[in-house]
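Report on the following structure.
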Amino acid sequence: MDSKEVSEVPRREVRSFLMARDPSIDRRFRPRPNKKMRLFDNIQESEEESFSEYSDTESEYKYQSSEATEGASCATSAADSSNLETGPQVFLRLRPVKDASKAYIVSEEANVLITSCKVDSTSNNVNRMEKHFGFTSIFDSTVGQRDIYDACVGPKIMEEECVTIMTYGTSGSGKTYTLLGDDVRAGIIPRALENIFTIYQDTVFRSPKLKLINGSIVFLQDDASLKELQIRKKLLDLCPDISAHHQRLKQVIDGDHMFEPKASTDVSVLVWVSFVEIYNELVYDLLAIPPKQDKLGEVPRKNLKIVGNKGHVFIKGLTSVFVTSSEEALRLLRLGQQRSTYASTSVNANSSRSHCVFTVDILKYNRSGITTQSSYKFCDLAGSERVNNTGTSGLRLKEAKNINTSLMVLGRCLDAASTVQKKKNADIIPYRDSKLTMLLQAALLGKEKLAMIVTVTPLDKYYEENLNVLNFASIAKNIIFKEPVIKQHRVSYCGFMEFSKMSTCEGGDYTKELEDENVRLQLEIEQLKYDHVLQMQLLEEKLRRELTATYQEIIQNNKKQYEDECEKKLLIAQRESEFMLSSQRRRYEEQIEDLKDEIEELKNPASDTDISDDPNESKSPIEIIDDD
């Protein structure tokens with residue numbers, strides 16, 4: 001082989017971590033399908049079907065396909081508990097409407113929604129293109145708030161795990177109503193708060209000695225604990241009074257549910273709540289103490305930063321408030337609602353223009369020194385909307401753009417989580433592309449359980465928007481995560497001893513009275529300090545006024561003296577000038593008189609003798625004047 005031929009042979013491509021080969025390039029040009037196919041799904045389905053058949057012959061019960069899947073997962077967990085896998089629960093709620101469309105049909109098992117769209121409306125034969133969407137459960141217009149809570153949230157509260165519950169749907173489809181409810185029918189969040197405080201009513205600790213700071217549980221000293229109580233009191237004073245409203249809701253919830261307390265003497269529970277909103281890709285704290293107003297009379301809002309790494313997420317500088325009852329948590333929820341961003345659109349008169357996340361953190365302290373954390377995130381996602389249908393413009397258009405972008409990134413994250421669940425590579429999930437997905441990355445990466453309630457308005461004019469929502473939900477239904485692990489922390493030895501001493505001492509009411517008295521005295525001290533500073537400011541202002549008046553009087557006296565001196569000097573100067581002028585006038589008048597006499601003498605000539613006898617006869621009149 002010649003050297004030229006050797007040089008023309010292409011060298012084999014060397015692999016590199018910096019310049020890797022494009023995976024889409026096939027150097028051997030092997031045949032492959034144009035469309036990606038998931039070949040292992042059919043194999044898994046066949047295995048589950050065989051398992052269901054075996055279970056039918058064993059127990060003589062008829063299982064549906066979903067129950068067979070649950071049986072397979074249970075068998076897997078019994079064989080190897082470390083590889084237990086679960087997926088997010090996706091529920092569908094149909095909003096009650098007067099003239100519901102016939103394009104939405106619920107199956108008899110209430111877990112499949114069948115949608116159909118007209119293809120040829122001109123012909124007599126109505127052709128429809130059907131699509132089937134599977135859900136964990138479907139709630140029609142007859143299902144109330146109680147049944148939705150019992151199916152979606154109640155079991156997760158009893159499991160005491162970290163759960164993210166989000167509502168997703170089109171604008172005006174009932175997302176906020178599902179979470180909050182109204183004055184008569186309580187939503188998911190009020191029922192969850194009542195459930196939590198009923199379960200831990202005997203173990204709720206009355207002092208904020210433990211707090212979740214930057215993702216880790218920290219023991220608070222007395223001064224820090226007192227500061228937290230002051231923040232709590234200030235925020236509760238800003239909240240509206242909803243005692244009567246809370247009593248009505250409590251009666252309704254107690255009538256719908258039978259929450260039972262959990263008896264435990266070795267555990268102390270501390271409950272913290274926080275509330276944030278994501279508006280135009282900016283994170284705002286809805287429970288922050290309002291700062292002073294600026295010169296224009298507006299209260300500035302501080303944009304917060306989301307910090308996270310591999311599913312561990314926290315918001316830097318977020319206000320977390322210690323609560324001891326469901327009424328306090330509900331008051332803070334109402335305060336955050338008043339501060340959130342709402343606007344009117346053509347679709348919804350009170351449309352939420354931001355994503356809101358209400359978080360309830362439960363810290364349980366055991367006598368052994370180990371604390372466990374349970375977090376419940378309730379996400380009210382803003383509704384997806386089409387600009388052509390809503391007709392928004394200006395600021396509303398910018399808000400809709402950011403809302404749709406964040407929801408699109410959320411859909412991409414769910415799609416990526418469903419496609420890479422077997423590759424054990426979670427880094428390719430693009431949760432950093434949006435503030436919403438950054439905040440929910442723990443649920444997207446399988447660190448927390450995820451439950452989604454999809455709301456749909458079953459009308460023909462919303463068919464395209466509903467189809468996008470259903471496709472989004474179908475992606476989330478296919479995700480499979482490993483069973484999340486309960487977060488455990490261990491406090492320091494000093495904190496453990498102090499906390500144990502406080503939790504074992506008797507007289508909890510007396511301790512609470514002392515803490516309240518301490519807070520009251522501290523507030524009085526702050527008020528006295530404020531009054532003292534105010535008095536000093538008033539005294540300083542009075543002294544400034546007196547000094548100003550004294551110096552003004554001195555300046556006026558000096559000015560008057562100077563004016564008098566100037567007047568005297570001016571009078572003296574005037575007199576001197578008048579005297580000089582008068583003296584000069586008299587001199588010139590005398591000279592003029594002399595000249596007149598000489599002129600008269602020249603006009604009347606005298607005798608020769610008189611002329612010869614005169615010594616100045618040869619001089620002219622001008623020379624005579626000069627001699628004088």
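Even glycines carry a Cβ here, placed using N, Cα and C.
Because TrEMBL annotations are produced automatically, they should be read as predictions rather than curated entries.
Per TrEMBL, the features are:
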BINDING   GLY169, THR170, SER171, GLY172, SER173, GLY174, LYS175, THR176  ATP binding site
COMPBIAS  44-58  compositional bias 'Acidic residues'
DOMAIN    87-479  domain 'Kinesin motor'
REGION    28-68  region 'Disordered'
REGION    596-628  region 'Disordered'
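Sequence features annotated in TrEMBL and their locations in the structure.
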residue : record           : contacts (Cβ under 8 Å, 6+ apart)
GLY169  : ATP binding site : LYS175, GLY383, SER384, VAL454, THR455, VAL456, THR457, VAL469
THR170  : ATP binding site : VAL347, GLY383, SER384, GLU385, THR455, VAL456, THR457, TYR462, GLU465, ASN466, VAL469
GLY172  : ATP binding site : VAL347, ASN348, SER351, GLY383, THR457
SER173  : ATP binding site : ARG95, GLY383, THR455, VAL456, THR457
GLY174  : ATP binding site : ARG93, ARG95, THR455, THR457
THR176  : ATP binding site : THR167, SER352, ASP380
Around the C-beta of LYS175 (ATP binding site), how many further C-beta atoms are within 10 angstroms, looking at every protein chain? 25
Using the Cβ centroid of GLY169, THR170, SER171, GLY172, SER173, GLY174, LYS175, THR176 as the reference point for the ATP site, which residues of the same chain not in that list have Cβ within 8 Å? ARG95, THR167, ASN348, GLY383, THR455, THR457
If I take every residue in the domain 'Kinesin motor' (87-479) and average their pLDDT values, what number comes out? 83
CB neighbours within 10 A of SER171 (ATP binding site), counting all protein chains shown, number 24
